[in-house]
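As structure tokens, the structure follows; a few thoughts come after it.
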């Protein structure tokens, strides 16, 4: 199995809750599947992190080149499963995540549109499962309009991926007493849930 791990938090250098989740998930997964191939990418280390879609670069098509669209699409095509992590930023997923989805959501490469019927068909059917791991400062339910985890799931499904795993949200990271604990300690409180997700992935 080829497992593609994508990290997309803007807090990687300070310490990211969602990346800690991802690392713990992969640790548990490798205990069960030691021979699987794991590729880990922090999107912040690539050009797309600072390349957003604009009127100009959409019209002249330079966005897709600068964001290395084909590189990421090929990574997705060659993956059997995806582990995707990001944090909530201003009620949504990070801008880096938005850039990533703009780069990979490309007609005739990752989806087809039948203009006669209006039907969309995702082309990334090779992806057998996607584990979405997210973090947010607020407890669940504080911002019902900000369901970034569900949106990520729906985008992968639109592109043809089979998302069998439930997404996992580490919530309340910015409220007391959680915000007074080291990141690793707070994440460790949920490790039993993460282990179960890894076992079922």
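Glycine is no exception: its Cβ is also placed from the backbone N, Cα and C atoms.
So that you can see what the record holds, here are the features copied from Swiss-Prot:
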- 9, 16, 17, 18: FMN binding site (BINDING)
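Cβ neighbour count for residue 17 (FMN binding site) (all protein chains, 10 Å cutoff from its Cβ): 26. Local packing around the binding-site residues 16, 18 was summarised as the count of other Cβ atoms within 10 Å of each Cβ; on this measure the leading residue is 18.
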